[in-house]
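Notes to accompany the following structure.
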Amino acid sequence: MSKVTQISHPLIQHKLSIIRSKDTGSKDFRELVEEVAMLMAYEVTRDLPVEEVEIETPICRTKSKMLSGKKVAIVPILRAGLGMVGGMVKLIPAAKIGHIGLYRNEETLQPVEYFCKLPQDIEEREVIVTDPMLATGGSAIDAITLLKKRGAKNIRLMCLIGAPEGIKAVTEAHQDVDVYIGAIDEKLNEKGYIVPGLGDAGDRLFGTK
Ligand code: PRP
Ligand code: URA
């Protein structure tokens, strides 16, 4: 069964409130999405394995811990997931980055795939899929299905805001994928937007509306 972790650190709650406000412009929106993603990355990577290594400080030799085992891949769902990458690579600079392009057909709300480019050793990596919004869950479900078809085995999903409908759908469709979320909102409206949400994440990030 998937584990759903809400990361409700006060800094994340505070920044999410500013992100949600319709008065926040693209510049601040972009910066804050990146900051929240960085804060969330700290929690999402909490269980990465470490190994003991020997290092030499200016004082003496000592044993210390460093990340070991699988390397990380960050896979944003285009477009809006891109806005989370900058913050995450500040914490995980060695991560490789894949891209999956999906957009929702505004009438059917079904995701349409238009791009996929992944690190070639994706099957050996711990994959973190990023998308600010988990609405019906259709985009996340398809992105994860695509990743699995390309061989990815260890996948986690990280979103800023989720609707209960989307969380249920993705955790039922991919029971081996843990979900990390900054806020769980009330519901979806008749157009498939999250309520209260933040509006259209892609448009707000890139100033396209
Ligand atoms: C948004 C968002 C998710 C998707 C969520 O992208 O970034 O990818 O909708 O909706 P769902 O859970 O119902 O699938 P959108 O399709 O608007 O594309 P964009 O990022 O290019 O604007
Ligand atoms: N995509 C968005 O960008 N916002 C929503 O509320 C739902 C889907």
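Every residue, even glycine, has its Cβ placed from backbone N, Cα and C.
Over in TrEMBL, the protein carries these features:
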DOMAIN    7-208  domain 'Phosphoribosyltransferase'
BINDING   Arg79, Arg104, Asp131, Pro132, Met133, Leu134, Ala135, Thr136, Gly137, Gly138, Ser139, Asp200  5-phospho-alpha-D-ribose 1-diphosphate binding site
BINDING   Ile194, Gly199, Asp200, Ala201  uracil binding site
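For ligand 2, the binding-site residues lying close by, meaning a CB under 6 A from one of its atoms, are Ala135, Ile194, Ala201; the full candidate list was Ala135, Gly137, Ile194, Ala201. Using Asp200 (uracil binding site) as the reference Cα, a 10 A cut-off selects Met133 from the binding-site residues Met133, Gly137, Ser139. Within its own chain, Asp131 (5-phospho-alpha-D-ribose 1-diphosphate binding site) has Pro76, Ile77, Ala80, Gly81, Met84, Ser139, Ala140, Ala143, Leu157, Met158, Cys159 as residues 6 or more apart in sequence whose C-beta sits under 8 angstroms from its own. Here the candidates are the binding-site residues Arg79, Met133, Ala135, Gly137. The one whose C-alpha lies nearest to that of Ile194 (uracil binding site) is Ala135. The uracil site is defined by Ile194, Gly199, Asp200, Ala201, and by the 8 Å test on Cβ atoms against their centroid, the other residues of the chain that qualify are Pro132, Met133, Tyr193, Gly197, Leu198, Gly202, Asp203, Arg204. Ligand 1 lies within reach of Ala135, Ser139, Ala201 from the binding-site residues Ala135, Ser139, Ile194, Gly199, Ala201, judged by a C-beta closer than 6 angstroms to any of its atoms. Look at Ile194 (uracil binding site): DSSP puts it in a strand. When each of the binding-site residues Gly137, Gly199 is scored by how many other Cβ atoms sit within 10 Å of its Cβ, Gly199 comes out lowest. Around Asp200 (uracil binding site), taking its Cβ as the centre, 15 other Cβ atoms fall within 10 Å, counting all chains.
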